[in-house]
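Okay, so here's the structure we're looking at.
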């Protein structure tokens, strides 16, 4: 069938409280529309004044998600990519900081012809132009735009005003606003309360926006009476009020929304026909594997410095869910704070009890670095499956240099500038860089794999492309010496100058990568390295169980 020439727009806003799951809602709706044969693009607008989240603390913002083209973006873009299996780009994430920067640059060039620069029209016009820009970058049927923040926040007002004007400009059949709210359950009264949702919609109405669809998060299903009440006070028909009951996993949300017929509702309001009915079989299969794994639980220790805030490692956690489903197991992450491992009274054996694999996570800064190096040593000496990502790979290199190659005090120049053995060093092109924001080696780069390695076995091919975010690299001055002692260069840049993957001879599964494989894992396409790592951890678990059984049997006799 012929596709509509007009791109349809869906704007997702949130009210009552933050962290309701606008990103998951947007990604889930996008996945449903894609399953109907529609081409979907998705973008996030963040109200903070930072240019991007690249320099923000993981404790405040969580993970920085890097795109193929090297943009440092909001972690919601990870949800978009994982759910839709579509690559995002720099154009997929916009901040108020970038908007203001553009407007000020325009003013300095004289683009406004001496006029007084104001929020309306100049800032709003720039926002509208950016919001429509993504639609021009491909032959899309639908563009979903998530607006960050909560309705009522002063920071989000320009984005909401831009949306209001766009709806007037494009027409109601070409732009739909879905408003996500909370319907809290009060245990003492044993009932759901609709008043917060009513007030949230009232705030939208005060700035000239009538939401087209309400999606109501709740602990319990919404009754027909509740939906009718919400619709009555929010100027909506009952069918425009969609219930979103809490799900066991985020991967059930597309199924819940499809059950509520939100995809059909959206298409009806946009007057858009889909090429085919929604196909959610893969989602049902995946959800079943996640909830009911056939082969039990595999516990993997993740060592990092931000473990008190798991959102800092969001893509790693999700990658384990994907790889676990592929291996018919549930991966249980046991967080291991790297600073705890530096304490003299650290009970390592207790910490490792039941662990079947160790992952040393990426990060920056000296804090906790010796703890990471210590856990690498333990994984190497005890032949525990090991996976090091970015800084984790660098820690593995340092540990091997110190404890196997006799390079006492070996380190990274990130932490010890004048170390005798700088096995990890600043990249040459980074030496003249002064600014921190957006200046690392960012984005997708090719890597050539060596055959007869765990990496090659996982990928099944020689050439791969992976995403990066780093300033420091393996120092090639020590490549020959480390290789002679059993360290394997399993992957490198096409020119051979940048070491991308290291492994160890004689170890069951020891892989360190300079890139970030977690950024390319998808719901229906788990990352090969995570699949391989979890598979080896599963084997380790089973072997330890047999060993424990045999040991117990001997002791009993």
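In case you wondered, yes, glycine gets a Cβ from its N, Cα and C as well.
The structure displayed is predicted, hence computed values, not measured ones.
Site annotation for ATP in Swiss-Prot covers 19, 20, 21, 22, 23, 24, and the matching candidate from 69, 74, 76 is 76.
Mapped onto three states, the DSSP output places residue 146 (Mg(2+) binding site) in strand. In the structure shown, across all protein chains, 194 is the one of the binding-site residues 19, 194 with the greatest number of other Cβ atoms within 10 Å.
With respect to Cβ neighbours within 10 Å, the recorded positions 20, 154, 390 differ, and 154 shows the lowest count. Nearest to residue 392 (L-glutamine binding site) in space, judged by Cα atoms and limited to the binding-site residues 76, 193, 194, is 76. Sparsest Cβ environment among the binding-site residues 21, 23, 392 (other Cβ atoms counted within 10 Å): 21.
When the binding-site residues 22, 229 are compared by the number of other CB atoms within 10 angstroms of each CB, 229 has the fewest. Annotated pair residue 20 (ATP binding site) and residue 229 (CTP binding site), C-alpha to C-alpha distance, rounded: 21 Å.
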